[in-house]
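Visitor: Not my notes, these are from TrEMBL:
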- A:7-194: domain 'Survival protein SurE-like phosphatase/nucleotidase' (DOMAIN)
- A:ASP12, A:ASP13, A:SER43, A:ASN100: divalent metal cation binding site (BINDING)
Number of protein chains: 2
Amino acid sequence: MNKKPLILVTNDDSIVAPGIRALIAVMKEIGDVVVVAPDSPQSAMGHAITINNTLHIEKVKIDADLDMEYSCSGTPVDCVKIAVHEILKRKPDLCVSGINHGSNSSINIIYSGTMSAAVEAGIEGIPAIGFSLLDFSWNADFEPVKAFVKKITLEVLEKGLPDSVILNVNLPKLPVDEIKGIKVCRQAKAMWEERFDKRTNPQGKDYYWLTGEFINQDKGEDTDEWALANGYISVVPVQFDLTAHHAIQQLNTWNLNS
Amino acid sequence: MNKKPLILVTNDDSIVAPGIRALIAVMKEIGDVVVVAPDSPQSAMGHAITINNTLHIEKVKIDADLDMEYSCSGTPVDCVKIAVHEILKRKPDLCVSGINHGSNSSINIIYSGTMSAAVEAGIEGIPAIGFSLLDFSWNADFEPVKAFVKKITLEVLEKGLPDSVILNVNLPKLPVDEIKGIKVCRQAKAMWEERFDKRTNPQGKDYYWLTGEFINQDKGEDTDEWALANGYISVVPVQFDLTAHHAIQQLNTWNLNS
């Protein structure tokens, strides 16, 4: 029999979020689980790291079955770094992040702490998956998607991911019998049309809340937005080489050195 | 005569950093300049945005020539969003971010507030360039690179950038006569090998400082790391579609729906 895989679990909604507890429950069926997750919500932190402040970690006991759970004062990316380089004795076989409360499809990936943690693991050479459920509420129901999370994870462990590729998995908020299947997709071209909600504080000073509307600019039927709108789970392979390789030739025609 | 372009200037080292003042000086020679930059250092903030806290902006007067300078309590990405959607009357013709005190080449782009601000402008459909000097010190000398910053900016305004492409420009710390020229490059494959500096506070509690060593894993001579090590300015075209398109076919051979 094979040795059980060592699985690092993290997220951005904090270590006590129902989403990470659901992910831990699935991962316990698959491998040896170590949890290192933020001690407070870190949504929309992107790939931020803590370089101008100190970091604290605290061994905690939330799941009676687990020996290694740690809360960390830093960002999701900090959690992965300190897990790999300070807490774990060996490189984990897999890092899973989530299950996020809310979508990380299309352009949301770029703001997402959940996905940045997975990307950081990928940079460190660890196969990694970020999972997100299209339900922002704290009381989101993760039961219908657990079997799919397990299936995708087992497939990654069996097949291995291509070099420097991370998976961004988004799960529709649907009863299990209405989920049509799993689709491999590309990231839809989309953006947030911002609106700033301007208010005045009791001292008479203006302040703003960032708000906005999500705009899908992409009509393609091979995108994550299409898949999710049509009842599928979307799986986008993600890379951290941001080079626009197709643009290099064009820029080489410029007069940069004349 | 053409109308002068409207140029939004931001950074991550804060509105008073010498790097942004150098960038403003160059941009004043080219167009009408509006500055919206963080009121405190925001290095390594990645693509973080402020959704669980309020945002403040303050009209300031640092450069006697400028009518529109604002400091913002948020991240570099917040600065771009609030500039475009709240402060500016029309979409700027260009957004420049920097000049960063320190490199944003290769994998550093992913942690960089400077580059995330430029990428955010790109997402909003604004041509954007991030500039970084390979000198972390506050007293870095930006004089030798000003002419190159101007040349690249003028070329972008004249030629236009390919759709959804942003430029990541890194400038070596060299006297002007030792800079060999400008090279269009791809992002080198590189990473940080972390080391956590563990200390104990006066109350006896452990804490950590994130530190580490930069590892260039890439031997290619077409990379930004190679260019910078050999006396060139590196220009990497950057995209925010993170899809690993080459991996889609392979993932479609998996048994995800059996």
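Backbone N, Cα and C define each Cβ position, glycine as well.
Set these features in their place in the structure for me.
Guide: All protein chains considered, the CB of A:ASP13 (divalent metal cation binding site) has 24 other CB atoms within 10 Å.
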Visitor: Check each of A:ASP12, A:ASP13, A:SER43, A:ASN100 (the binding-site residues) against chain B and write down, in sequence order, those whose C-beta lies under 8 A from a C-beta there; write 'none' if there are none.
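Guide: Out of A:ASP12, A:ASP13, A:SER43, A:ASN100, A:SER43 lie under 8 Å of chain B.
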Visitor: Restricting to the domain 'Survival protein SurE-like phosphatase/nucleotidase' (A:7-194), what is the model's mean pLDDT?
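Guide: Per the prediction, mean pLDDT sits at 96 for the domain 'Survival protein SurE-like phosphatase/nucleotidase' (A:7-194).
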Visitor: Count, for each of the binding-site residues A:SER43, A:ASN100, the other C-beta atoms lying within 10 angstroms of its own C-beta, and report the residue with the smallest count.
Guide: A:SER43
Visitor: Going by DSSP, is A:ASP13 (divalent metal cation binding site) sitting in a helix, a strand, or coil?
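Guide: Going by the DSSP assignment, A:ASP13 (divalent metal cation binding site) belongs to neither helix nor strand, so it counts as coil.
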Visitor: Mind giving me a neighbour count for A:ASP12 (divalent metal cation binding site)? Other Cβ atoms within 10 Å of its Cβ, every protein chain shown.
Guide: 33
